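Annotated in TrEMBL:
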- 8-186: domain 'Guanylate kinase-like' (DOMAIN)
- GLY15, PRO16, SER17, GLY18, VAL19, GLY20, LYS21, SER22: ATP binding site (BINDING)
Amino acid sequence: MAAHSARPRLTVLSGPSGVGKSTVVAHMRKEHPEVWLSVSATTRRPRPGERDGVHYFFVDDGEFDKLIANGELLEWAEFAGNRYGTPREAVMDRLGVGEPVLLEIDLQGARQIRESMPEAQLVFLAPPSWEELVRRLTGRGTEAPEVIERRLEAARTELAAESEFDTTLVNTSVEDVANELLALMRVA
Ligand SMILES: Nc1nc2c(ncn2[C@@H]2O[C@H](COP(=O)(O)OP(=O)(O)O)[C@@H](O)[C@H]2O)c(=O)[nH]1
Ligand SMILES: Nc1ncnc2c1ncn2[C@@H]1O[C@H](COP(=O)(O)OP(=O)(O)O)[C@@H](O)[C@H]1O
């Protein structure tokens, strides 16, 4: 099989909080519901409108500890005071049947996937500028000012790690980025 027609097994999408990861993924999946997005477990509280089992599996600290202890997470990390992890079994099942799998996870998680699954492709979503990132994160209106500060602090570290990724996409237009991501995943 020619290299260019090989379907990447697993795609990781990372980028600073507020850059537009969820927006891009939602747009992409509206057109291509066959792209399977892993639902992570998190100890973060749900935002208004977020549903358990759809956006995240919302768990308490004890339940998260158990997921780790039982080896049920493919990777996990602490981000801005909460823990997040990818349930292993569902991802492995999808990869097993050859479906395109997408993980939307932070930099620490992306690094763990690079170690454990070197065939994965790592995509970094970057903002058009720092000012625009601040505007988006603030404008979303879902976090208190101190939480925004914490996320912006993490964003500096994440932006500095861009070169660790295979590809960077700049989120100027949601539609363009969604199409670029689909092309990278060989879906469209
Ligand atoms: N390592 C890891 N990071 C995750 C996982 N799920 C979500 N994240 C990341 O955790 C960070 C915070 O997510 P969230 O609280 O939903 O905020 P948002 O990305 O700003 O909407 C983001 O960088 C997510 O990509 C996961 O399962 N593992
Ligand atoms: N290309 C874009 N242009 C303008 N605003 C955007 C763009 N992409 C996302 N946004 C807005 O930025 C905010 C953060 O987007 P979101 O998808 O929640 O980011 P993330 O999942 O990376 O934290 C939202 O209010 C969203 O509507």
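Just so it is clear, glycine is given a Cβ too, placed from its N, Cα and C backbone atoms.
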Anything from the binding-site residues GLY15, VAL19, GLY20 with its Cβ under 6 A from ligand 1? List those in sequence order.
none
If the ATP site is taken as the center of the Cβ atoms of GLY15, PRO16, SER17, GLY18, VAL19, GLY20, LYS21, SER22, which further residues of that chain fall within 8 Å of it by their Cβ?
LEU125, PRO127, LEU133, ARG136, LEU137, ASN171
Within 10 angstroms of the C-beta of VAL19 (ATP binding site), what count of other C-beta atoms is obtained when all protein chains are considered?
26
Candidates PRO16, GLY18, VAL19, GLY20 (binding-site residues) with CB under 6 Å from ligand 2, in sequence order, are GLY18, VAL19, GLY20
Listed in sequence order, residues with CB under 8 A of LYS21 (ATP binding site) and six or more positions away:
LEU13, SER14, GLY15, GLU104, LEU125
Identify, among the binding-site residues SER17, SER22, the residue whose Cβ has the fewest other Cβ atoms within 10 Å in this structure.
SER22
If you count Cβ atoms within 10 Å of the Cβ of PRO16 (ATP binding site), leaving out that atom itself, what do you get?
25
Greatest C-beta neighbour count within 10 angstroms, which of the binding-site residues GLY15, GLY18, GLY20
GLY15
